[in-house]
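Going by TrEMBL, these are the annotated features:
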type	residues	note
ACT_SITE	THR204	active site, nucleophile
BINDING	ARG232, VAL233, GLY234, ASP235, THR255, GLY256, ASP257, GLY258	substrate binding site
SIGNAL	1-19	signal peptide
Amino acid sequence: RAWAVVTHILLFLLPPAGGCASAALPVVINTWAFRTAAETAWRVLESGGSELDAVERGCGQCEIDQCDGSVGYGGSPDESGETTLDAMIMDGNTMEVGAVADLRRVKNAIGVARKVIEYTKHTLLVGESASLFAVRMGFPYEDLTTQKSLSLYSEWLNQSCQPNYWKNVVPDSSKSCGPYKRPGKETYKEEQTISQRSVHNHDTIGMVVIGVSGTVVSGTSTNGAVHKIPGRVGDSPIAGAGSYADSTAGGAAATGDGDIMMRFLPSYQAVEYMRMGTDPTVACQKVISRIKKYAPKFFGAIICANTTGSYGAACNKVPGFTQFHFMVSSPLLSRPTEQVVDCI
C-alpha cells in the first residue's frame, strides 16, 4: 500500500518524539480503552478509506458497542429518562465541522454529524430538528431506550433523584426530586465543584486520525452526562472543546466533565500549543493544568497528536482516577495498543 511505503521512509527520517516512541504516520488515537473503535478506524485506513471515513467508522463502532454505556443508545438517561446523543466531526484540511446535539431517536450520531458537513452550510444542528434532518438523510428512527437505561432511571428516581445538576432551587435539589423552581427570595450558597463522574463513567469517545499525507480529522460521540437536565449539551459536539483538527498543526480530543472543560476550549488550546512546537504530551499537560487552576477537582483527560505522528495524553488526578487509558494505532505497533499515562 502507498501509505505503508511512505511510512517506512518516515521511520528513518523522523526524530524521536519527546515523551513517547518514535513518530510515524498514519496514526489513530482515541480516548479510553475502546479497542474495537481503534481497530475499526485502523482497518478503514488500511483498506484505503479516508481519514474522515476512519473517524466516522471508529466512533460509530462505539455507538454500536455502547462503549461503557456512555456512548450510543441505551445509556445516560436524562432527567426524563430519555437518552439523547451528541457528536461532531472536523476536517483539518478545510476546517469544516459537522455536529449534532440533543439528537433523539437516531442511533448513528456521528454519521449524522458528517452529513451536516456534506449536505449543509451549517456547523451544528440540535434537538428535534437535528432528528428530522437525520431522517431526510436516510437514517431510521429507532428507540434509544433499553432495559438498562430504564433501570438506571428507575433507580435514580428511587434515590430521590440523587445526584442531579440543579442548584439554588426549591425544593432542595440535594434531598428530593423536582419539579424545581427559583426560590422566592434569591439566596445563593456556594456549590462544591466535585465531579459526579469517575473512571467508571467515561462519557465520551474522542478520536484523532492523521493520515500519511498529514491530513488531520477529529471526532467525538457521547450520550452525555447521566441524569442531565433535558436540553443540556456538553463539550463533545463543540469545535475546540470536544475535539479540534488542523492539518497544519495536529488534533486533540477531550473527555470528562464537559460542563467545566468546554469553558476552556481545551482541544483548540492543545492544538495551538502544538502549532508553537510544544510536544503533544506537554501540550496536553498544559491544558489540564490550566483548567485545574479554576476547578481543581474536575474529572477530565485529553489526547493530542501532531502532524509527525507524535502523540500524548494527560489527565487530572482526583480520587479514583489516577491514570488515563487510551488507544493508539500506528505502523510502529503490531496492533492497536492500549497505553496509560499517570494523571497530574
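Heads up, residue numbers simply count up from 1 along the chain you see.
From the backbone N, Cα and C atoms, a Cβ is placed for every residue, glycine too.
Features per TrEMBL, on structure.
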| residue | record | CB count, 10 Å |
| --- | --- | --- |
| THR204 | active site, nucleophile | 32 |
| ARG232 | substrate binding site | 18 |
| VAL233 | substrate binding site | 21 |
| GLY234 | substrate binding site | 25 |
| ASP235 | substrate binding site | 33 |
| THR255 | substrate binding site | 31 |
| GLY256 | substrate binding site | 30 |
| ASP257 | substrate binding site | 24 |
| GLY258 | substrate binding site | 28 |
Cα-Cα distance maximum in Å, computed over every pair in ARG232, VAL233, GLY234, ASP235, THR255, GLY256, ASP257, GLY258 that the record assigns to substrate: 16
Rounded Cα-Cα span from THR204 (active site, nucleophile) to GLY258 (substrate binding site), Å: 10
GLY234 (substrate binding site) versus the residue listed as 'active site, nucleophile' - Cα distance in angstrom: 10
